[in-house]
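Annotated features, as they stand in Swiss-Prot:
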type     : residues                                                                         : note
DOMAIN   : 1-92                                                                             : domain 'ATP-cone'
BINDING  : Lys5, Arg6, Glu11, Asn12, Val13, Met14, Phe15, Asp16, Lys17, Thr53, Asp57, Lys88 : ATP binding site
BINDING  : Ser202, Ser217, Asn427, Glu431, Thr603, Ala604, Ser605, Thr606                   : GDP binding site
BINDING  : Asp226, Ser227, Ile228, Lys243, Arg256                                           : dTTP binding site
ACT_SITE : Asn427                                                                           : active site, proton acceptor
ACT_SITE : Cys429                                                                           : active site, cysteine radical intermediate
ACT_SITE : Glu431                                                                           : active site, proton acceptor
Amino acid sequence: MFVIKRNGYKENVMFDKITSRIRKLCYGLNTDHIDPIKIAMKVIQGIYNGVTTVELDTLAAEIAATCTTQHPDYAILAARIAVSNLHKETKKLFSEVMEDLFNYVNPKNGKHSPIISSITMDIVNKYKDKLNSVIIYERDFSYNYFGFKTLEKSYLLKINNKIVERPQHMLMRVAVGIHQWDIDSAIETYNLLSEKWFTHASPTLFNAGTSRHQMSSCFLLNMIDDSIEGIYDTLKRCALISKMAGGIGLSISNIRASGSYISGTNGISNGIIPMLRVYNNTARYIDQGGNKRPGVMAIYLEPWHSDIMAFLDLKKNTGNEEHRTRDLFIALWIPDLFMKRVKDDGEWSLMCPDECPGLDNVWGDEFERLYTLYERERRYKSIIKARVVWKAIIESQIETGTPFILYKDACNKKSNQQNLGTIKCSNLCTEIIQYADANEVAVCNLASVALNMFVIDGRFDFLKLKDVVKVIVRNLNKIIDINYYPIPEAEISNKRHRPIGIGVQGLADAFILLNYPFDSLEAQDLNKKIFETIYYGALEASCELAEKEGPYDTYVGSYASNGILQYDLWNVVPSDLWNWEPLKDKIRTYGLRNSLLVAPMPTASTAQILGNNESVEPYTSNIYTRRVLSGEFQVVNPHLLRVLTERKLWNDEIKNRIMADGGSIQNTNLPEDIKRVYKTIWEIPQKTIIKMAADRGAFIDQSQSMNIHIADPSYSKLTSMHFYGWSLGLKTGMYYLRTKPASAPIQFTLDKDKIKPLVVCDSEICTSCSG
């Protein structure tokens with residue numbers, strides 16, 4: 001039996017050669033648990049005559065990946081095999097790869113179709129010796145298999161459907177794409193990215209340095225006008241943004257309700273639902289960058305709109321398909337008055353924005369005055385109990401996980417953009433709170449800090465965190481200036497207000513590395529100090545940029561220009577970790593370069609790449625299946641697996657017990673100290689999660705994507721959670737509602753014979769959303 005080598009030659013299959021290749025990649029791994037011979041034997045079983053060495057490597061990597069539940073080092077081995085395979089298939093020198101990407105010719109029409117921009121190519125040509133010399137390819141081998149496969153599927157650039165970039169090439173392309181001729185800053189960014197201190201957002205990783213360098217993640221739009229022209233002009237904006245991989249949040253509260261008179265045609269409006277069907281079909285039609293990200297929009301509506309009940313049914317599984325928009329996400333922009341009416345079991349008036357104009361343009365006391373004026377004037381379409389609407393909201397959330405909940409008054413009251421006008425919606429993932437109007441489309445560029453990296457020698461390094469955050473601020477400011485904007489209204493907005501969004505990933509990993517239970521007082525204190533540090537570092541860097549380049553255009557009149565920072569708006573006194581008064585004085589003198597700075601986002605894909613838990617979330621499970629575009633992988637909490645193997649507690653019985661319990665270790669006989677640290681989200685009181693969100697909220701000047709997890713949700717449980725979050729002053733009350741099914745699915749690779757029959761399993765292996 002023979003294999004076909006990369007050079008096309010045939011060679012007889014040799015078991016020892018396969019074993020030797022795998023063994024070479026086992027350096028630094030736990031040899032007590034990693035068995036190259038076992039992997040090689042399974043590879044041999046999959047061989048056929050004429051198999052290629054590329055296929056052999058792919059098979060070996062997949063086999064190693066399936067052994068991850070035995071030891072986390074198998075995930076590293078799997079990645080090393082896959083990375084080594086890629087290295088053998090790609091050129092080494094960064095400059096040569098960039099040259100190939102620039103010189104690409106479309107084989108179908110013979111036209112020169114450069115994948116990277118001419119300026120990127122010019123920079124690389126000028127500094128190629130320096131750039132080539134600083135790249136450290138060994139860092140490619142630090143990715144786990146799951147992270148590498150995510151990169152391979154969607155992030156590494158291809159020519160004729162063949163990957164030509166290595167991960168280090170991608171990171172250097174991103175660094176050069178951001179900093180351009182500032183090579184020293186590009187190298188600094190490259191090193192921080194490749195050492196995994198932080199990551200830029202997916203659109204930046206996709207597009208930096210390319211011919212279409214659209215690096216922004218989030219776009220927020222208001223409906224231009226309640227007219228055919230306004231509706232379709234807005235739709236065109238959405239299409240152009242979605243085409244370039246932007247996620248969209250759209251406010252439609254100014255669109256007239258069904259049954260309303262249309263003076264221009266002497267007709268009657270069909271309301272928002274038929275319009276949203278058109279938007280839904282646009283989202284389905286547009287494919288972002290070759291299946292990298294599907295076209296996605298979140299639609300925001302205020303609950304006084306008289307189409308609210310039909311809106312809440314849009315994503316339900318049953319009912320008339322003509323009244324469903326399954327490809328849109330729905331979100332509510334809730335004024336405090338509605339929450340008060342629900343709390344008091346009061347009545348709620350449903351109105352049409354054409355007959356009751358201006359409600360979407362005001363908030364707080366001004367909204368309450370206008371709304372109650374329209375009530376007194378009987379301009380409403382109908383009156384129902386506020387709790388009838390509330391019940392419909394809860395029922396929709398239990399069935400579909402949506403609508404998202406954001407509190408209009410908190411979002412406006414605590415925004416440093418309050419001086420611009422009323423903010424009418426958030427974005428697709430509920431963490432961006434920015435002003436938009438008919439002439440401006442709000443934009444945000446994102447990056448996230450890998451918090452696990454800052455746990456050094458058993459302590460959290462706040463100074464290093466501040467330094468990395470300052471680099472991120474400088475990077476995101478450069479992106480604002482050089483970005484390719486899909487529509488001019490986005491460029492106008494972004495360059496006037498210069499908002500950025502710094503988030504985090506690996507908060508749960510940092511707690512675990514410090515041996516803090518997620519709901520412990522130590523974790524709650526660290527949670528506050530981390531975000532205090534991020535906010536402080538971001539403000540300091542933004543002020544330093546303002547000293548050099550001037551404040552952003554609309555700085556005057558903002559809270560910050562009057563010496564008021566985010567924590568002041570929450571009536572919170574910061575800790576003594578940082579010296580805030582001198583920073584406030586400096587801001588008064590020089591201003592800020594950015595209107596907004598901090599916005600913890602979901603980080604779904606980038607956390608997968610870096611091997612961290614998502615955003616600020618606890619682990620949803622200790623063993624589960626991950627599903628992404630590249631396939632399905634079984635993942636074990638590597639921290640738990642490492643501690644159990646070190647303490648000689650890991651065995652098949654424990655593995656199967658945990659899998660039978662849906663990833664929980666609470667029903668095992670493991671030591672209590674381990675059980676406390678490795679609680680899943682389902683075992684942590686949701687009020688603790690909400691309280692921690694409010695604690696860090698004082699240092700988050702945008703908002704945060706916060707999911708609510710309730711295994712068995714009910715009207716009373718959800719109502720309690722929502723009102724608790726509202727009472728604490730949260731801006732985002734809920735991103736998704738995550739629940740568990742009534743009965744468990746068949747467990748993945750479960751050996752039932754090795755489970756003691758004392759517990760009946762009724763849990764699922766939970767997967768987090770890819771927001």
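Glycine is no exception: its Cβ is also placed from the backbone N, Cα and C atoms.
A map of Swiss-Prot features onto the structure.
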| residue | record | DSSP (3 states) |
| --- | --- | --- |
| Glu11 | ATP binding site | strand |
| Asp57 | ATP binding site | helix |
| Ser202 | GDP binding site | helix |
| Asp226 | dTTP binding site | coil |
| Lys243 | dTTP binding site | helix |
| Arg256 | dTTP binding site | coil |
| Glu431 | GDP binding site | coil |
| Ala604 | GDP binding site | helix |
Provide the three-state DSSP residue tally for the domain 'ATP-cone' (1-92): helix first, then strand, then coil.
-> 51 helix, 8 strand, 33 coil
Asp57 (ATP binding site): which of the binding-site residues Ser217, Asp226, Lys243, Glu431, Thr606 is the nearest Cα neighbour?
-> Thr606
Ordered by sequence, the long-range same-chain Cβ contacts of Asn427 (GDP binding site) under 8 Å (at least 6 apart) are Cys218, Phe219, Leu220, Gly247, Ile248, Gly249, Ala298, Cys444
For the binding-site residues Lys5, Lys17, Lys243, Arg256, the one whose C-beta sees the most other C-beta atoms within 10 angstroms = Arg256
Go through Ser217, Thr603, Ser605, Thr606, our binding-site residues, and report the one whose Cβ sees the most other Cβ atoms within 10 Å.
-> Thr603
Going by C-beta under 8 A and a gap of 6 or more residues, the same-chain neighbours of Ser227 (dTTP binding site) are Gly264
Least buried of the recorded positions Ile228, Cys429, Ala604, going by other Cβ atoms within 10 Å?
-> Ile228
Binding-site residues compared (Glu11, Asp226, Glu431) - highest count of Cβ atoms within 10 Å | Glu431
Quick one: Cα separation, Lys17 (ATP binding site) versus Ser202 (GDP binding site), in Å?
-> 39
To the nearest whole angstrom, state the Cα distance for the pair Ile228 (dTTP binding site) and Cys429 (active site, cysteine radical intermediate).
-> 28
Ser605 (GDP binding site): which of the binding-site residues Glu11, Asp226, Lys243 is the nearest Cα neighbour?
-> Lys243
How long is the line from the C-alpha of Lys243 (dTTP binding site) to the C-alpha of Ser217 (GDP binding site), rounded to the nearest angstrom?
-> 12
Spatial separation of Ala604 (GDP binding site) from Lys5 (ATP binding site) - C-alpha basis, Å = 37
